[in-house]
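Features of the protein shown, as given by Swiss-Prot:
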| type | residues | note |
| --- | --- | --- |
| ACT_SITE | Asp35 | active site, proton acceptor |
| BINDING | Asp11, Ile12, Asn25, Gly33, Val34, Asp35, Ser122, Thr123, Gly124, Val125, Tyr126 | substrate binding site |
| DOMAIN | 1-175 | domain 'Macro' |
Amino acid sequence: MKTRIHVVQGDITKLAVDVIVNVTNPSLMGGGGVDGAIHRAAGPALLDACLKVRQQQGDCPTGHAVITLAGDLPAKAVVHTVGPVWRGGEQNEDQLLQDAYLNSLRLVAANSYTSVAFPAISTGVYGYPRAAAAEIAVKTVSEFITRHALPEQVYFVCYDEENAHLYERLLTQQGDE
């Protein structure tokens with residue numbers, strides 16, 4: 001797994017990967033944080049694609065994921081997932097966060113994409129504690145790629161150095177980095 005999982009500090013919208021994962025709200029209509037940055041970088045085609053998905057299936061439930069084209073992003077596609085809002089840890093948040101990663105990975109693999117970039121799901125305005133979220137992310141992704149050929153490369157994209165070090169430390173502890 002050492003060569004399959006990477007930590008990158010920077011702007012997820014600039015990565016040349018097959019799929020960028022967008023953390024969105026159930027409406028898929030764009031918002032603040034990473035969601036807003038991805039929508040701005042992708043241009044109006046992404047919002048149009050999200051509107052079509054929403055018209056077909058309605059809101060995207062927490063822990064679920066959908067895939068669309070990537071608009072003006074360097075990626076080929078965007079997987080939109082709804083992470084859980086942190087409510088103290090007693091509202092099934094851990095399982096919902098794991099589901100957000102798993103369902104995103106399943107869409108990447110099902111569409112034969114080889115690389116994916118994840119932001120730190122739910123750690124922004126949704127308030128999930130960073131360390132707990134990183135542990136779930138690393139464990140879930142590591143277990144998935146152990147059992148599946150795709151994606152070949154997974155990137156955890158961290159906005160700041162502190163979060164990047166957190167992911168690097170967890171991967172080192174697992175022997176993955």
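Cβ from N, Cα, C; glycine included.
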Let me spell it out: for each of the binding-site residues (Asn25, Ser122), count the other Cβ atoms within 10 Å of that residue's Cβ, using every protein chain shown. Which one has the most?
Ser122
Mean pLDDT for the domain 'Macro' (1-175), rounded to an integer?
95
Rounding to the nearest whole angstrom, report the longest C-alpha distance spanning Asp11, Ile12, Asn25, Gly33, Val34, Asp35, Ser122, Thr123, Gly124, Val125, Tyr126, listed for substrate.
20
Close to Asp35 (active site, proton acceptor), taking Cα pairs within 10 Å and only the binding-site residues Asp11, Asn25, Ser122, are Asn25
Quick note, Val34 (substrate binding site): same-chain residues at least 6 apart with CB under 8 Å of its CB -> Ile12, Asn22, Val23, Pro119, Gly124
If you count Cβ atoms within 10 Å of each one, which of the recorded positions Asp11, Asp35 comes out on top?
Asp35
Using a 10 Å radius on the Cβ of Gly124 (substrate binding site), the other Cβ atoms enclosed count 18
Is it possible to get the count of other C-beta atoms within 10 angstroms of the C-beta of Tyr126 (substrate binding site)?
20
